[in-house]
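Undergrad: Pasting in a structure now, in structure tokens, and then I'll have a few things to ask.
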Amino acid sequence: MSFVPVAEDSDFPIHNLPYGVFSTRGNPRPRIGVAIGDQILDLSVIKHLFTGPILSGHQDVFNKPTLNSFMGLGQAAWKEARAFLQNLLSASQARLRDDVELRQRAFTSQASATMYLPATIGDYTDFYSSRHHATNVGVMFRGKENALMPNWLHLPVGYHGRASSVVVSGTPIRRPLGQMRPDDSKPPVYGACKLLDFELEMAFFVGPGNKLGEPIPISKAHEHIFGMVLMNDWSARDIQKWEYVPLGPFLGKSFGTTISPWVVPMDALMPFAVSNPEQDPKPLPYLCHDQPYTFDINLSVALKGEGMSQAATICRSNFKYMYWTMLQQLTHHSVNGCNLQPGDLLASGTISGPEPESFGCMLELSWKGTRAVELGNGQTRKFLLDGDEVIMTGHCQGDGYRIGFGQCAGKVLPALSFA
């Protein structure tokens, strides 16, 4: 229990302590903080208190404007920081609790803070690791007999996304322009995307990287995973459909990707690890692991259109539905010798479950635009309209507490005029 008041339904109890980057009106410099209740603990103010065997020589990482340097220190440093912070914030520890002047400088309300991307993202990779999602999309476009491509059950399929257009929650997303071919009997056209979609995803930040040419073995993969965020992989389905053969997604994805600002450390999630999915056929040996690394994370997506007084929940899913684990994703990414770096972002792909209400995108929820998704008050959607706000949330439910991620939200702006 912490001396900082924390509501029972708060995403950020002392069991969580996610890391983020924030600024305030009084101090516009972006800096590292930890969320506790509705407060932010400014680690740049208390960096001198990190006197453990590792962090005593690296206190300056908490004075940086991003988490990259801290991520790069590795698992032992993360564990040292977490243990220290949980002790410092506990109700029985007087060091910060009873120092009124330090508390006034160290704590900021989340409501008064501006949040930033938690790290400088050098590279971003998006996987395609939900069997339910891959099957549904395959059925739509190739038929039931050819739903999964021949490689899908043998490796975690992925593509390299655009790191420069990853934005923090609350950043508006402009409806993209591009080339489409809505009528297969006619030439392609240029214009504003008409089939704009969201994708419910999660992503993890890489900690220490690997040298070029030296793969990360799956037995060591967990040492390279810093923590997780929510992600909305915004998608222009009509642009994507026309462009993706033969090299995969390009402009249909690269216009915007939203992540939540707080990075939940893996140690906060480990109590919610569940058995890995059964994989048949068994993967090749380099992808096999026994360590449970699938997590029971409740996820939901709400949509609020213009004129709606409150958002309507249109999807409830769970991260435990993923077929390929993060350990497998990271190991496969590096198996050819590709070098990962601190702050790299690796995403899950759309998280869909077995039931229609757990489908993680409008493409599935509307089944390729053939079904209307009810929002209430007579409003429906097949794809996203201008002014729609998509709000993603997620949490693990503990006994009397929850480990949450905050929000991953973004509002659709109209496309720019085009010639």
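Backbone N, Cα and C atoms are what each Cβ position is placed from, and that goes for glycine too.
According to Swiss-Prot, the feature N-acetylserine maps to SER2. Annotation comment: Swiss-Prot describes SER92, SER309, SER417 as phosphoserine, evidence class similarity to another entry. The Ca(2+) binding site feature in Swiss-Prot is assigned to ASP126, GLU199, GLU201, ASP233. Annotated substrate binding site per Swiss-Prot: TYR128, ARG142, GLN240, TYR244, THR350, in sequence order. Among the features that Swiss-Prot reports, active site, proton acceptor is placed at HIS133. For ASP233, LYS253, THR257, the entry in Swiss-Prot reads Mg(2+) binding site.
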Undergrad: Can you tell me the CA-to-CA distance separating ASP233 (Ca(2+) binding site) and HIS133 (active site, proton acceptor), as a whole number of Å?
TA: 14
Undergrad: TYR128, TYR244: which of these binding-site residues has the sparsest Cβ neighbourhood within 10 Å?
TA: TYR244
Undergrad: Beyond the listed site residues ASP233, LYS253, THR257, identify every same-chain residue whose Cβ lies within 8 Å of the center of their Cβ atoms for the Mg(2+) site.
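TA: Once ASP233, LYS253, THR257 are set aside, the remaining close residues are ASP126, GLY161, ARG162, SER165, GLU199, MET231, ASN232, TRP234, SER235, PRO249, SER254, GLY256, ALA347.
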Undergrad: Could you give the maximum C-alpha to C-alpha distance in Å for the residues TYR128, ARG142, GLN240, TYR244, THR350 that bind substrate per the record?
TA: 19
Undergrad: May I ask you to report the DSSP-based helix, strand or coil state of ARG142 (substrate binding site)?
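TA: Once the DSSP labels are grouped into three classes, ARG142 (substrate binding site) ends up as helix.
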Undergrad: Listing them in sequence order, which of the recorded positions SER2, TYR244, SER309, THR350 have their Cα within 10 Å of that of GLU199 (Ca(2+) binding site)?
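TA: For GLU199 (Ca(2+) binding site), the recorded positions whose Cα atoms are within 10 Å come to THR350.
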Undergrad: On a C-alpha basis, identify the one among ASP126, HIS133, SER417 that is nearest to THR257 (Mg(2+) binding site); the candidates are the recorded positions.
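TA: Of all the candidates listed, ASP126 is nearest in space.
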Undergrad: Please identify, among the recorded positions SER2, ARG142, GLN240, THR350, the one with the smallest Cα-Cα distance to the residue listed as 'active site, proton acceptor'.
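TA: So, of the listed recorded positions, the one sitting closest to the residue listed as 'active site, proton acceptor' is THR350.
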Undergrad: If I take the Cα of THR350 (substrate binding site) as reference, which of the recorded positions SER92, ASP126, GLU201, LYS253 has the closest Cα?
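TA: For THR350 (substrate binding site), the closest Cα among SER92, ASP126, GLU201, LYS253 is found at GLU201.
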Undergrad: Neighbours of the Ca(2+) site ASP126, GLU199, GLU201, ASP233: Cβ within 8 Å of the Cβ centroid, same chain, sequence order.
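TA: Other same-chain residues near the Ca(2+) site: LEU200, ALA203, MET231, ASN232, SER235, LYS253, THR257, ALA347, SER348, GLY349, THR350.
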Undergrad: Using DSSP and three states only, what is the residue listed as 'N-acetylserine'?
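TA: For the residue listed as 'N-acetylserine' - judged by DSSP and reduced to three states - the answer is strand.
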Undergrad: Translate the DSSP assignment of GLU201 (Ca(2+) binding site) into the three-state scheme.
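TA: Strand, per DSSP.
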